[in-house]
């Protein structure tokens, strides 16, 4: 029929297309949808597709001026969720033309924009995204890559060790630098600014950068190893952030840091570009992620935030510990850890991976395990994360009864013992405690650490189960 037909029509007539063959260039999304009572799955799934792509709530005259078939999002498959009567997974395909090249901000504004406030839905969670190769290639991604980082640091065949300086707020710059020096001298590879250390009245950023650089060079001279401190460049404006990164580069330090969710993807991508151009490694902290990813039925799963970070750029990202004080179910965590590190990841629903993802030549990101871990966790961490990871012991280093440097020694000895045992073919999962006990016989620092944290366990059920 010719002409324009006004009025509201069912979304599913246009946007639910179960026979659609997805294209290699489509961005694919898996949403966990909880519709309001009485809204059928096809209609709810189609509603998600329309509201996150071309449509609005009614037909409009200007629809006739465009090719809807070319630009519309399509809900192409719906599957039930085991054990959840009210939820289902809706798969939506978006044509690549809907997205600006090289912009995570634009991708998210479309896919997880207004649609999350949609009345016909009780709750909505983005579980996974398949980023097509054609779109991946429009991003620079991480400034360096895992191999490049190892070459810069001259550290091979083991995880890297870090430590967040505590108390996180209140130290003067000089005392802060002293804590950095003690940890690095004792055997850590990195120390870290806490995510909320920016430039507060008690310690302005420039003073901190200076004293930390002094600590790094002093520790390097003493140990003969390359050291680093994640200088947090996060700031109130992008210009100020870049100014801090420039100062770090002038000091000659190896690495800076950014809070990518609070700082925002636009700022993060700018910083990642600066870091690649100037040879700085970039450590990424995920402060605020739990606001977005912790609820099972609403929000965005962390694996999507991790993919977005790999596109935006970062060399390290915090990704949970599986064993410490923060959320993380083992299989799910390993799923997004591999998404960060590997070039190609097969679809595997047992690990929460809904789509096969090919990253082509985008560099990988080192996962950082941090939060409530100590020397007794070392065998499990080495086993779970493997060599390509950063293990961060904040309280687990600084809380050592003989203070920071011995705390660092204990952590390094435990790590080297675990790596050696693994290389000799021992089973870390089964013999972990035994390996640590043996090592502590010839390291008084480790023995003292083992004594303090004998039986600490954080026993809660993880909320993020499949």
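The backbone N, Cα and C atoms fix where each Cβ goes, glycine too.
As annotated by Swiss-Prot, N6,N6,N6-trimethyllysine applies to 5. Annotation comment: Swiss-Prot describes 114, 164, 168, 286, 318, 370 as substrate binding site, evidence class sequence analysis. Here Swiss-Prot flags 166, 285 as active site, proton acceptor. Annotation comment: Swiss-Prot describes 192 as N6-carboxylysine, evidence class sequence analysis. If you look up Swiss-Prot, you'll see 192, 194, 195 marked as Mg(2+) binding site, on the strength of sequence analysis.
Positions of Swiss-Prot features highlighted on the structure.
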{"residue": "5", "record": "N6,N6,N6-trimethyllysine", "Cβ contacts under 8 Å, 6 or more apart": "59"}
{"residue": "114", "record": "substrate binding site", "Cβ contacts under 8 Å, 6 or more apart": "51, 52"}
{"residue": "164", "record": "substrate binding site", "Cβ contacts under 8 Å, 6 or more apart": "191, 192, 193, 194, 370, 392, 394"}
{"residue": "166", "record": "active site, proton acceptor", "Cβ contacts under 8 Å, 6 or more apart": "194, 394, 395, 398"}
{"residue": "195", "record": "Mg(2+) binding site", "Cβ contacts under 8 Å, 6 or more apart": "232, 234, 259, 285, 287"}
{"residue": "286", "record": "substrate binding site", "Cβ contacts under 8 Å, 6 or more apart": "259, 260, 261, 302, 305, 309, 317, 318, 319"}
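Listed recorded positions: 168, 192, 318, 370. The one with the lowest count of other Cβ atoms within 10 Å of its Cβ is 168. Every protein chain considered, the tally of other Cβ atoms within 10 Å of the Cβ of residue 285 (active site, proton acceptor) stands at 28. With 114, 164, 168, 286, 318, 370 listed as the residues that bind substrate, the site has a largest C-alpha separation of 37 Å.
Its Cβ placed at the centre, residue 194 (Mg(2+) binding site) has 18 other Cβ atoms within 10 Å. Residue 114 (substrate binding site) carries a helical DSSP state (H, G or I). Each residue in 164, 165, 168, 193, 196, 197, 230, 232, 257, 285 lies on the same chain as 192, 194, 195 and has a C-beta within 8 Å of the C-beta centroid of that Mg(2+) site, without being one of the site residues.
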